[in-house]
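Engineer: Here TrEMBL flags 80-102, 108-130, 164-187, 207-232, 328-353, 435-456, 468-493 as transmembrane segment.
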């Protein structure tokens, strides 16, 4: 066996790339392979070059999709402190700071937001270029330690980073051009944000209120992921059927074995499949329910400010948020639950239709005619439009639930009627303000991604067994978490603007076109009285 092994004919082969156990997977280490190669040559082993089968098999093993996926999962496990800091704590802190700044420096915040957004997106794009190897000599490596002098391994991770760098370049160019195009509209955004800043300043609990749904969602997702792991691991392990020759030498029995060499897969029983679908559906429903409750509480707090005549009221107390929460729990919880159920139901129907489409595509029974393809693409576009309309209607329905106390269906009808009859006014006030708020969310998420790059570039994650193969997935996770956190906090400003505008429209509707409860700042923002009456009519 020793003689055949030295000729690379098995059963033993040189350990060119030693590995370590990372979450029960082999992570290759290149630094010690020089010693292995020297021992191999001292034993009289044949020379190894890049053209022989064993070297090609090593390259295939390192660059196999399953190996790349394992390394990405290992990267997430190694970088969990980065996810906590850059995906949870940092966006929480930055979002609160942004709300405080919009309260005290509302005139300058749109300009600061646009400038900061351009700086951050350029910085994140440059980091992608750096890690992809297009700038400097800091390209990533799929193996731990330095490159082996005998072999040059080019991993799939670099290809993924190249694609990400190209995509970020396109997004950066488009974003900068778009931000330049809206510069002349920033003054209008400033007037819109003044109303929200005034409300946040009066109802001060709104600044810290998003911490509550943020914490509730965090606790819920911990339990949900725990249950999901149990469900997805409850399948039956079945050996795959195959006809290919995948025999291997078994060291235990000292013979060539062709049994159980095609791997295994997990098959779920119908009960477990239904349970998994219900679990996923429940997660989406619960997420929408918590967001809807948060939106209704914010809208109720803002409505209490508006209908108390704003600045003419003696003083807006600290308790409107808690009073709105009490009203929600006592009167409107069922309406909010019904409204949050509609969107997951539509998403489930679209998911099932897409699954049927994929199965038909595999079976080569997809519609080939022009009429069939047109019908298919039209149905997909209709479902996307229906989803967008439902999101918009639900958002405004929650506001009207908080204002009027009506049921979900009745509140949706009132909100839709008000929006249709005041479309010019709402569009004039909301469009540019929403753009600035969206840029603010991107600023928070981009700052999370930038700090994630900086933390992953430290010595801890660049050497030894804690080295990550690629910063791509941890940075994307931090980016997504930062955007989710920013969305929860910026919903305060968005809901404040939408709630006060719908309150103004409802006030005008009840008093024959003249708003009786509108605060002076809102009157000043929307223009003179004649313009408001003309738009209302």
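In case you wondered, yes, glycine gets a Cβ from its N, Cα and C as well.
What you see is a predicted model, and the numbers here were worked out from it, not measured in a lab.
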Engineer: Test the contact criterion for the transmembrane segment (468-493) and the transmembrane segment (108-130): 3 or more CB pairs under 8 Å, pairs 6 or more apart in sequence, then answer yes or no.
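Structural biologist: Answer no, regions not in contact.
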Engineer: Short question: which residues 6 or more past the ends of the transmembrane segment (207-232) have a Cβ under 8 Å from it?
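Structural biologist: Counting only partners 6 or more residues beyond its ends, the transmembrane segment (207-232) has Cβ contacts under 8 Å with 88, 92, 95-96, 99-100, 103, 200, 272, 275-276, 279, 283, 286-287, 290-291, 293-294, 297-298, 301, 321, 485, 488-489, 491-492.
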Engineer: Report, as numbers and ranges, which residues of the same chain sit near the transmembrane segment (108-130): CB under 8 Å and 6 or more residues beyond its ends.
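Structural biologist: Tertiary neighbours of the transmembrane segment (108-130) are 98, 101-102, 136, 138, 161, 164-165, 168-169, 171-172, 175-176, 179, 182-183, 186, 189-190, 193, 436, 439-440, 442-443, 446-447, 449-450, 453.
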